Amino acid sequence: MGEFSDAEYIRINEVPSPRANNARKVSVLPLVFLIFYEVSGGAFGVEDTVQAAGPLLALLGFLVFPLIWSVPEALITAEMGTMFPENGGYVVWVSSALGPYWGFQQGWMKWLSGVIDNALYPVLFLDYLKSAIPALGGGLPRVLAVLALTVVLTYMNYRGLTIVGWVAVSLGILSILPFVVMGLISIPRLRPSRWLVVDVQSVDWNLYLNTLFWNLNYWDSISTLAGEVHNPKKTLPKALFFAVILVVLSYFFPLLIGTGAVPLQRDLWTDGYFSDIANILGGVWLRVWIQGAAAVSNMGMFVAEMSSDSFQLLGMAERGMLPEFFAKRSHYGTPLHGILFSASGVILLSWLSFQEIVAAENFLYCFGMILEFIAFVLLRIKCPHASRPFKIPGGTVGAILLCIPPTILICVVLALSSIKVMVVSLVAVAIGLVMQPFIKLSEKKRWLKFSVSSDLPDITTYEPLLR
C-alpha cells in the first residue's frame, strides 16, 4: 500500500504523558473493527442501491467505488495519520497546511457530519426491529427507544476506548456471521442471470451515489483516535488495509446473495429488506437472526462514530481550538464533555429520515474532504522531508493524481444534492465560518479558558524531528 520508514514523531526533551499508557491503547484487531464500524458495519443500509439502480449497477458500485474513493481515502489517512499520530486527526492536518481558521472549519464540518451520521443508527436499529415490534414504528415508544438506546451506547463510550474496541470485534463477528449462513442456504436458489439486470434509463442517480458514498466513506474518522493507538505508525496502516478488504466483502457478498437468490422487486429494496430475504431463504429463525445482527451492527457503528467524534473534540481542545473543558477526561481516559456534547447532537437530530440524514451528512463531508485533499498535497509540497512513517509512493505528482478521481466524485455528489439539503448544509457551513472568530474572541476576553497541551509539537512551524 505504501512505503514505511522508522522515523518517529518526537520532540526534544519529550516526556511521555501519563495518559500514554499502552495497556489502554488500541491494538490491530480492535482497530480493524473500529474502522469497519466507522465506515460500514455490514450490509445494512446498502439496499437502496438496488432500488435506485438494479442488481448489476449495485454490485459494480461496491467493486468500482472503493477503488475511486475508499482506497485513496484510506491511503491518505494512513500517511497523514502516521505523520500526525494524535487525537484531532484531520483537524491537525488541515491546521498544519492551511492554518487554524480552516482547521477549525474542518473540525466543525466533520464533527457535524459525524453527529448527523450517528443520528442515523438508532433510526436503522428501530427500522429493522419494527417488523417484529410494530410499536417501534412511530410515536412515543419510538422516541423513548431512541433515547434509551442513545443513553446505553453513550455509557459504553464513557467506559473506555479499549472496551469499545473489543466490543466492536464481538459485534462485528455477530453481524457478519448470519450472512455467511444465509449465503450457504442460498446456493441452490442462485440464478446468475439475475445479477445482470440493469435499466440505465430508470436509475435514480442521486439515491444511488449518495447511498454508495455514505456506505464507503469515513475512512479518515479513525485518525481522530490516533493518539489512543498502540504504535500508530505501524498499527494504523495495517488496520486500514485489512479493514478495506473486510468492508468490501461485507457489502458485496450479501448483495450477491440477495439479488441472485430472490426474484427482483426493486421497490422492496429499502432499509430492512435483508430480513425479508432471510425469511424467504431460511424462515423465521434466519429473519430474527438478521434483525438481531442489524441491531448489533447499528450499536457498533454508534459507539465507533461517537468515539471518533468525542476524541476529535478532545484533540481540538488540546490544540487550543476549543475551550479547555472539552479536553477533560473521565477516570476511564475518555473525553467526558465531548461524549455528552456528541450524544446531545444525536438526540436532537434523530427525528430526521434516513435519506435526509444521508444526503445532509454527505454534503458536509464532501466539503471536509476537499480541505483534506488540499492539506495532503500542500504538506507534500511544504514539508517534503517531514517524517512520514507510512508514505504513498509517487511523489507530489502521484499525490495530486491520487486526489483527482475522488474530487470528481465529490463534485458529482454535490451537484446531485437537492435544494433543501444544499441550503441547510450551506447554512451549517456558514455557522462554522462565524463561530471560529467568536471562539477566538471569547479566548481573548477570557470568557472561557483555553490551553494548548505541552505534549504536542507546534504545527505552525511543523517539521517533525528524526531520531
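Note: Cβ is positioned from N, Cα and C throughout, glycine not excepted.
Sequence annotations record features per position, and here TrEMBL assigns transmembrane segment to 26-46, 52-71, 83-102, 140-158, 164-185, 240-264, 284-304, 336-354, 360-381, 393-415, 421-439.
Against the transmembrane segment (393-415), stretch 52-71 has more CB pairs under 8 A than any other of 52-71, 83-102, 140-158, 240-264, 421-439. Each of 26-46, 52-71, 83-102, 140-158, 240-264 was scored by its Cβ pairs under 8 Å to the transmembrane segment (360-381), and the highest score goes to 83-102. Counting Cβ pairs under 8 Å that are 6 or more residues apart, the transmembrane segment (26-46) and the transmembrane segment (284-304) reach 3 or more and are in contact. In this chain, the transmembrane segment (421-439) does not touch the transmembrane segment (240-264); fewer than three CB pairs sit within less than 8 A of each other, excluding pairs fewer than 6 residues apart. Beyond its flanks by at least six residues, the transmembrane segment (83-102) meets 9, 110, 220-229, 232-233, 236, 311-312, 314-316, 318-319, 321, 368, 371-372, 374-376, 378-379, 382, 386-389, 436, 456, 459-460, 462, 464 of its own chain at Cβ-Cβ distances under 8 Å. The transmembrane segment (284-304) and the transmembrane segment (421-439) are not in contact, since fewer than 3 Cβ pairs between them lie under 8 Å (pairs 6 or more apart in sequence).
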